[in-house]
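Trainee: Once you've had a glance at the structure underneath, I'll fire off some questions.
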């Protein structure tokens with residue numbers, strides 16, 4: 001009898017913990033309109049689940065996009081995204097940080113569609129002071145079109161880290177002392193769905209099949225974990241304080257375990273690295289030896 005009572009009480013406790021966690025997750029979901037605003041393709045954007053989810057769509061007439069109301073100088077930015085299914089060659093779904101102007105800074109996640117049955121590419125890139133050309137591509141180890149997956153960008157004074165489902169896949173370190181520019185301008189968080197058929201799939205050889213339009217991508221997770229800064233400023237260094245958790249020593253470099261996990265992912269799933277592209281860069285860019 002005591003054993004039965006114990007089992008019943010244990011199940012009851014676990015149930016209460018589950019429901020409490022579920023409620024906490026519900027309270028943590030932020031409405032899109034709190035931190036973001038639609039910037040283009042207004043008639044191609046649909047708010048779902050009481051504003052907790054946004055669907056971007058693209059047809060022959062237009063794509064769509066949104067951006068954060070605030071500018072940031074550092075932070076940890078995440079978005080849950082489900083990509084367009086079926087034949088999406090030429091279609092680009094994006095999630096990135098960017099400043100404005102010819103000498104802009106930018107930190108990119110771009111998801112490059114493909115023919116049905118072929119893998120979508122996860123492309124990352126870093127622009128600093130207008131200089132990009134730092135593409136690295138990965139094949140996801142899951143189907144990004146059937147469910148939501150979390151994509152994250154850590155940006156602090158020490159490093160930029162790209163995450164997929166909390167797994168680090170790329171690091172770009174701040175090595176300004178070695179003459180390599182590092183993103184330091186106030187940036188906004190941007191998401192978009194657009195026509196990239198001139199370059200996105202097989203170098204632009206595979207064009208969009210409009211018979212599959214409208215293409216749709218869903219976004220969730222509109223919380224705000226960044227240091228707000230004046231968008232008119234050219235300096236985000238005011239956001240380097242360790243009073244922000246993402247700037248503390250813990251996040252100044254990957255742990256030994258994170259480094260090992262990242263190396264494993266890169267060995268198995270990275271399909272292109274600008275640092276290894278000798279026809280393009282006969283001499284590898286100087287930051288490459290620091291970011292392996």
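In case you wondered, yes, glycine gets a Cβ from its N, Cα and C as well.
Straight out of Swiss-Prot:
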- 106: active site, nucleophile (ACT_SITE)
- 110, 123, 124, 125, 133, 134, 135, 198, 199, 203, 280: xyloglucan binding site (BINDING)
- 227-239: disulfide bond (DISULFID)
- 275-288: disulfide bond (DISULFID)
- 25-219: domain 'GH16' (DOMAIN)
- 108: site 'Important for catalytic activity' (SITE)
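Buried or exposed, and what's around them? Tell me for each listed feature.
Mentor: Under the DSSP three-state reduction, residue 106 (active site, nucleophile) is assigned to strand. Long-range Cβ neighbours of residue 106 (active site, nucleophile) (same chain, at least 6 residues apart, Cβ-Cβ under 8 Å): 96, 97, 98, 99, 125, 126, 127, 132, 183, 187.
Using a 10 Å Cβ-Cβ cutoff, residue 110 (xyloglucan binding site) registers 20 neighbours.
The Cβ neighbour count for residue 239 (disulfide bond), using a 10 Å radius over every protein chain in view, is 23.
Other Cβ atoms within 10 Å of the Cβ of residue 275 (disulfide bond), summed over all protein chains shown, number 16.
If you take the C-beta of residue 108 (site 'Important for catalytic activity') and look for same-chain residues 6 or more apart in sequence within under 8 angstroms, you find 94, 96, 123, 124, 125, 126, 127.
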Trainee: Mind looking up the mean pLDDT for the domain 'GH16' (25-219) in the predicted model?
Mentor: 96
Trainee: By CA-CA distance, flag whichever of 110, 133, 199, 280 among the binding-site residues is nearest to residue 227 (disulfide bond).
Mentor: 110
Trainee: Can you tell me which of the disulfide-bonded residues 239, 275, 288 is spatially closest to residue 110 (xyloglucan binding site)? Compare CA atoms only.
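Mentor: Out of the listed candidates, the nearest Cα belongs to 275.
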Trainee: Enter the number of other CB atoms within 10 angstroms of the CB of residue 135 (xyloglucan binding site).
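Mentor: That number is 17.
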Trainee: From the Cα of residue 288 (disulfide bond) across to the Cα of residue 280 (xyloglucan binding site), what is the distance in angstrom?
Mentor: 14
Trainee: Can you give me the same-chain residues 6 or more apart in sequence from residue 133 (xyloglucan binding site) with a CB-CB distance under 8 Å?
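Mentor: Sequence-distant Cβ neighbours: 125, 274, 280.
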